[in-house]
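Listed in Swiss-Prot for this protein:
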type	residues	note
TRANSMEM	38-58	transmembrane segment
TRANSMEM	77-97	transmembrane segment
REGION	98-169	region 'Linker'
ACT_SITE	Glu264	active site, charge relay system
CARBOHYD	Asn328	N-linked glycosylation site
ACT_SITE	Lys396	active site, charge relay system
CARBOHYD	Asn441	N-linked glycosylation site
ACT_SITE	Asp472	active site, charge relay system
ACT_SITE	His570	active site, proton donor
CARBOHYD	Asn574	N-linked glycosylation site
Amino acid sequence: METHRRSSTNSIRSHKPARPIALEDDSTKASDALPLPLYLTNAVFFTLFFSAVYFLLCRWREKIRSSTPLHVVTFSEIVAILASVASFIYLLGFFGIDFVQSLVLRPSADVWATEDDEVESEVLLRNEDARHVPCGQALDRSIRSLQPPEPIVTAEKVFDEMPVTVMTEEDEEIIRSVVCGMTPSYSLESKLDDCKRAAAIRREALQRITGKSLSGLPLDGFDYESILGQCCEMPVGYEQIPVGIAGPLLLNGREYSVPMATTEGCLVASTNRGCKAIHLSGGATSVLLRDGMTRAPVVRFGTAKRAADLKLYLEDPENFETLACVFNRSSRFARLQSIKCAIAGKNLYLRFSCFTGDAMGMNMVSKGVQNVLDFLQTDFPDMDVIGISGNFCSDKKPAAVNWIEGRGKSVVCEAIINGDVVTKVLKTSVESLVELNMLKNLTGSAMAGALGGFNAHASNIVTAVYIATGQDPAQNVESSHCITMMEAVNGGKDLHVSVTMPSIEVGTVGGGTQLASQSACLNLLGVKGASKESPGANSILLATIVAGAVLAGELSLMSALAAGQLVKSHMKYNRSSKDVSKVSS
């Protein structure tokens, strides 16, 4: 407690007070609320009390003698009763003035500093150490210093630590305006023309509104200009996620160090072991099967026949070239590949598939679809466009259409793992892996009714690589569609393992790929930005690396399961020894 007291005192002394706190003449007193000096007020109410009581006693004695009911009172008696009650209330408060005086400068431990002293309130709110003690404890140090220290037992409220933020008077006015709702938080960037300053002001306003600290969320060291209008709105800081490296992954004759951003212990280590097994066995091979981003608007007609007419028109090969020309105007990289339609009554779903170069391509294909819809209004004026996306795409949702038709990059990756490597590195046997894969990834997933989930943990690797390289983490839903196959080859001595992933949605330009950290990870893989020699080559390479990393992760986890090492490894690498119950929330 003494440590907190000293730190609070020192930190407050470091701030220049707006006005000195007088200890004698200028100190606030409870009697300041009275209209007259204390000695005059006391004399008036003492005299009034005893006079009124004496008058009432005399009147009651006369009523008793004359047999007059006591409850029958005259106007003068009513005035005397009121005077005696009022003076009694004053005298009762007078005897408690000393007690009130001792508390008048010390706010309750359960409230923030009051608005009566604006400057002291701001110092208290900005002082980091003041959060460790009851509010106001640091402010009344001069008062307590005049009294002998006595142990006081109070119920202290634990406040979050508030970071020390240097704000100008202008910033302080803006913060108050945001807190009271006069200035919308989302408009700070446009009003201030300074993204870093806007984030700092928004952050401070949020802390004051919620009473919760954001001291653990970093603010400095980030380029807020880079995310304006592109990655995130109304920022108050940025997250820190550790990035580990798995590899080298030997894929198609080249080595790659795979960055993985994750908070799950054992994940990078396990994937790294899989990479080692693949490398010692001669590497893995990956092949691109399809490359096309999709978007499926939904339109409605008055009759199902009219919806069928449009379906036949769109699927007629003679009309495809015209539609492709209209679609491809949206971008110099966009190339319409196909249009597939599905009817539900009067509603028609049009699934456009488009090559998008090195971009993930959602915006590109959406603009192309809008061009085609505008073009179709000429021949089909009764077509009502319900939505640019009708979920037949299907984006960020597990869907059979993605599992069957594919979305983004469809990749298959395979490797033959030597029997000696299976035994020495993976600590299991070929036979055990093949049996476990059949019963877990195939039969077990079928029993669960899985859709694209015929794997051990593909989404673990996909999400970790996506976060590290600036992809959309929400698209791990369809991107993690994967079927893992294992088979004994070469007379049962070696293991053939493969992963087939029909919907890897990645890009090397746009979105989060332009952020400094994510751009560095893309550069590590050699896929930063757009390919100048062959448009789309970088995003295709990134997709194959994702598949290769998934292959390594599947191989290692399945081996741990087959050898009974899963629980042991997670107890070693995926448990925290920190006592989180002692961390203030």
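Every residue, even glycine, has its Cβ placed from backbone N, Cα and C.
Because the structure is a prediction, the values reported are computed rather than measured.
Distribution of Swiss-Prot features across the structure.
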residue : record                           : contacts (Cβ under 8 Å, 6+ apart)
Asn328  : N-linked glycosylation site      : Ala334, Arg335, Leu336, Gly368
Lys396  : active site, charge relay system : Ala474, Gln475, Val477, Glu478
Asn441  : N-linked glycosylation site      : Phe454, Asn455, Ala456, Ile483, Thr484, Met558
Asp472  : active site, charge relay system : Met360, Tyr466, Glu505, Gly511, Gly512
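Predicted-model confidence for the region 'Linker' (98-169) is 45, expressed as mean pLDDT. According to its DSSP assignment, Glu264 (active site, charge relay system) is coil.
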